[in-house]
Amino acid sequence: MKIIVTKDNIEGGTKAFEIIKKGMEDGDKVLGLATGSSPIPLYDDMCDSDLDFSDMTSINLDEYYGLNPDNDQSYHYFMQKHLFDKKPFKHSYIPNGMAKDIDEEVDRYNDIIAANPIDIQILGIGRNGHIAFNEPGTPFGSLTHKVQLTESTIKANSRFFDNEDEVPRQAICMGIKSIMQSKKIVLLAFGESKQDAVKALVEGPVTEEVPASILQDHPDVTVICDEVAAAKLDPKYRN
């Protein structure tokens, strides 16, 4: 695991962009993408670059179940706004949150991932160490699955909605095993609220109670965090 400590999230986004650019130069064709505030500086750099993604495939980690893609809180909407409107990909896969049969959609998404092995997976991390909607206790062997959102996640996400009742209770999420099958993983973490999660990710035991801790067992992981998020790390892990 490589740790890169930056002064802020803007520099962190640039470091992640450099990894993607190098990967594309080396022939990478499939990017695993995340939503949330952490990857926005990366997507800004991608949009501002002269890179052409029209021959690339993207696969997103997750989507709320029950939200129309046009809803401004859907992850479809997020990706269009922050990346795809300016930089279209050849194929852009995101779970269908309006699928009539959620189990069929889970199977369909697993097939998509199997047919398009991910070269570089971008991740964020939650305060409790979750990655995507894989909350503490999610089996490390999980593939794409439907998720009942925890009360803490519903409360955390309620700030994006008019009230807590509007927050979806279910999501479709790429599983931890699927994430671990990516050739390279780049995890982004910025701000004081991520200090404990970063420390557990890097230093703690590998346990399903901290889903991100499994990344210690991946052969090619880069953690990019700002100085604040890295504040609790043992100095030996900082470069």
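Using the three backbone atoms N, Cα and C, a Cβ is placed for every residue, glycine included.
According to Swiss-Prot, the active site, proton acceptor annotation covers D62, H130. The active site, for ring-opening step annotation in Swiss-Prot covers N128, E135.
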Inset, instruction - For D62 (active site, proton acceptor), list the number of other Cβ atoms lying within 10 Å of its Cβ atom. - result: 22
Legend entry - Spatial separation of D62 (active site, proton acceptor) from H130 (active site, proton acceptor) - C-alpha basis, Å: 13
Inset, instruction - Between D62 (active site, proton acceptor) and E135 (active site, for ring-opening step), find the distance joining the two CA atoms and give it rounded to the nearest Å. - result: 13
Inset, instruction - Give me the non-local Cβ neighbours of E135 (active site, for ring-opening step): same chain, 6+ apart in sequence, Cβ-Cβ under 8 Å, ordered along the sequence. - result: N128, V147, T150, T153, P211
Legend entry - Cβ neighbour count (within 10 Å, all chains shown) around H130 (active site, proton acceptor): 22
Inset, instruction - Based on DSSP, name the secondary structure state of D62 (active site, proton acceptor): helix, strand or coil. - result: strand
